[in-house]
Amino acid sequence: MDAIILQILNGLDKGSAYALIALGLTLIFGTLGVVNFAHGALFMIGAFCAVTVSRILTLSYTTVDETRTDFLGNPMEIEVPYIHNLVGQSAGDFMIDWAVPISILFAIPVMIAIGVIMERGLIKHFYKRPHADQILVTFGLAIVLQEIIKFYYGANPIPTPAPSAFRGSFDFGAFLGLGANSIIYPYWRLVYFAFSLVIIGGVFAFLRYTTFGMVVRAGMADRETVGLLGINIDRKFTIMFGIAAAVAGLAGVMYTPINSPNYHMGMDFLVLSFVVVVVGGMGSLVGAVLAGFLLGILESFASMAAVLETLPGINQIVIYLVAIIILLTRPRGLMGRKGVMEE
Amino acid sequence: MLGLTRKDAILLAIVTVVALLAPFILNPFPTNSGFAQFNAGYPDLMQRFAIFGIFAIGFNILFGLTGYLSFGHAAFLGVGSYAGIWMMKLLTANIIPGIAASIVVAGLFALIVGFISLRRSGIYFAILTLAFAQMSYALAYSVLTPITGGETGLQLKLNDPRVLDGALAPGERAHANLFGLDMTSSIEMHFGAWQFTFNTGYYIAALVLVLAFYLSIRIFRSPFGMMLRAIKSNNTRMTYTGLNARPYALAAFVISGMYAGLAGGLMVAMDTQVGPERMFWTASGEVVLMTILGGAGTLIGPVLGAGLIKYMENIISKINSGILHEWFYWMPDGLEDFVITLVYPFVGKGWHLTLGIVFMLVVIFLPGGLVEGGQRLRRLAQGKRAKKSATQTNPAE
């Protein structure tokens, strides 16, 4: 029992990341009809927003502290972050500690701007071209973006810790009455899961309950008619692209404490996220989110020792295996709409 | 000639001549000049040109003709490589059985993958092939370690059985060979300051490349090739005329898988080692880049694209800041540093950035790749000439 709960929990954080990336991919595909291979790169850029913010916050200068000495007896040199001078010592330390959550504020405008520039500057010219061309040009863009990041941040993963308040683990076993220490789960992964639920809920609520969302949904269903009604649907879709980019970016920001970001993390996630989108059904937002969590949990179940004993190596291939089976038996994916990218 | 039209025969002749003279063409700079690092005429790189040329030609038969975008083609290359090295370990270090096994095994694997994947088209097909390739990679990396050697891969070892070969003399290592011709043996020729290397392995690969190219011309011009184009231009209409598209697409998929297997077998014949990274999806992405860059659906395009990418990978990546300083030493100091800061991200380790930008530019402005670029230039030149002659002869209304 506790092993099963543990695997479900383990699957949730990866599943959250899959779900968030797949949500953005589906949003872009559903509105603009573009297959965006650069979406993983947006996730990666989001993660590097967090790296940038934590670097800016820890920018420091060296001073000499006369009261203390180092082991040679000379006055000790200490590094003082500029932020201490700006907001005071305790507030500065707090901000450095909370660098990752603070990066969200920084990442939202940056990601929306990147998304809008990408759509206006490049993707716009590819609406009329075949899907293969869209895949190829965004694939090229992904290479360019990841190489730029590699040039400025290097090829090694950069550790970006969570706030110290969330660094420990939560004892789920005691919480559920299954005995102490039977299920240990890091706090930050819970935060990540909750965060992804909030973002997913926010996107759905935005589409469901605002006028803007209503227009976008109408545009997804019948773009031309909405255009004929005198609504500038292109501008709305551009903003949706920005929002999709922001969703991917925020997924990246919050993922940094779980996995130290490196320049190719986007590509690693992208391949799986595409599988997720296809399993969920091209163009279905609910399908993308469900499939994301489902495949994340499935993957973690497949890496249980008991499963690996009977089926060695299954944890590496289970997602692809499921994708193949679903594509062959349910061509539209789990919740795909009829007529969307069927052939 | 050889069942080709005059135009195709000329193209084949050009490819043959270029392939045979490659050691001269790729080494245009004297060895002691500053440009010597642009020389690509060393055996290792020339072999890569030929092998990836074959790989891209095969990919083009699938993507260029039928329009099915496979994102997992490296799996066939990898499977072919593993089959090849096992033949060389068990049977003989002669490359013929190895390459034959590579083609057959890759073809069979392509038959299975193609049979399943071709049930869908478009992006679903791309995802299915990608899934198969990633599965092969993951399995080769983990569970299949007894067959694939896992992370370390496979090499020729001293204690391999090699039942057809005689015992090795003490201290001797098995070399990949073709009836005694060692793949790594080269003849060097000095010609003043120039140096040219003629490598056995390269010439065998080049010969296979020419054959593969000839075969692809025949496929392009055959009624079968016409059927494949019909799949690309309008699958529905083809079905309505009473033709089943699936067997044709499957045949194209298997042929293209066999080409990939051939490339894998040759790769093993040249460096006698395999690792699972050969099947990773970035390797599949690379052959897509090559084909598109050169020009999908054209005969010569994929070979050009493969050559360009391998050249960039090996030559641009070698340029470091020291070499840049050497080049721009004649500039005033401030300007020199400025130019070097501008250029530096694009060379050396950053060559992927250059590749990505070139690739994007090609997809945006030249969907037909380098071949279309060449055609446009020619049309531009011809158009000017035609206009000139038109003004001279005073057109009849």
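Each Cβ is built from the backbone N, Cα and C atoms, and glycine gets one as well.
Please treat TrEMBL annotations as automatic predictions, because they have not gone through curation.
Keep in mind the model is a prediction, meaning the values are calculated, not measured.
Listed as Cβ neighbours of the transmembrane segment (B:9-26) (distance under 8 Å, sequence separation of 6 or more from its ends, same chain) are residues 1-2, 39-41, 45-46, 49-50, 196-199, 202-203, 206-207, 209-210, 213-214, 217, 299-300, 303. Residues or ranges marked as transmembrane segment by TrEMBL: B:9-26 (among others).
As annotated by TrEMBL, transmembrane segment applies to B:46-63 (among others).
Sequence-distant contacts of the transmembrane segment (B:94-116) (same chain, at least 6 residues past either end, Cβ-Cβ under 8 Å): 72, 75-77, 79-88, 128-129, 132, 164-165, 176-179, 183, 204, 249-250, 253-254, 256-258, 260-262, 264-266, 268-269. The transmembrane segment feature in TrEMBL is assigned to B:94-116 (among others).
Within its own chain, the transmembrane segment (B:123-144) is flanked in space by residues 68-75, 78-79, 82, 113, 116-117, 150-151, 276, 279-281, 284, which lie at least six positions past its ends and keep a Cβ under 8 Å from the stretch. If you look up TrEMBL, you'll see B:123-144 (among others) marked as transmembrane segment.
Taken from TrEMBL, the feature transmembrane segment covers B:201-220 (among others).
For B:247-267 (among others), the entry in TrEMBL reads transmembrane segment. Non-local neighbours of the transmembrane segment (B:247-267) in the same chain are 47, 50-52, 54-55, 57-59, 61-62, 65-66, 68, 70, 73-74, 76-81, 83-84, 95, 98-107, 109-111, 113-115, 117-118, 204-205, 208, 212, 219, 224, 227-228, 231, 278; each lies 6+ residues outside the stretch with a CB under 8 Å from one of its CB atoms.
For B:287-306 (among others), the entry in TrEMBL reads transmembrane segment.
Long-range neighbours of the transmembrane segment (B:353-371) within the same chain, counting only residues 6 or more positions beyond its ends whose Cβ lies under 8 Å from a Cβ of the stretch, are 289, 291-298, 300-301, 304-305, 308-309, 312-313, 316, 345-347. Under the heading transmembrane segment, TrEMBL lists B:353-371 (among others).
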(request) Quickly jot the same-chain residues contacting the transmembrane segment (B:201-220) by Cβ under 8 Å, restricted to those at least six beyond its ends, or write none. (result) 2-4, 8, 11-12, 15-16, 19-20, 22-23, 43, 46-47, 50-51, 53-54, 57-58, 60-61, 65, 95, 176, 178, 183-184, 255, 259, 262, 266, 269-270, 299, 303
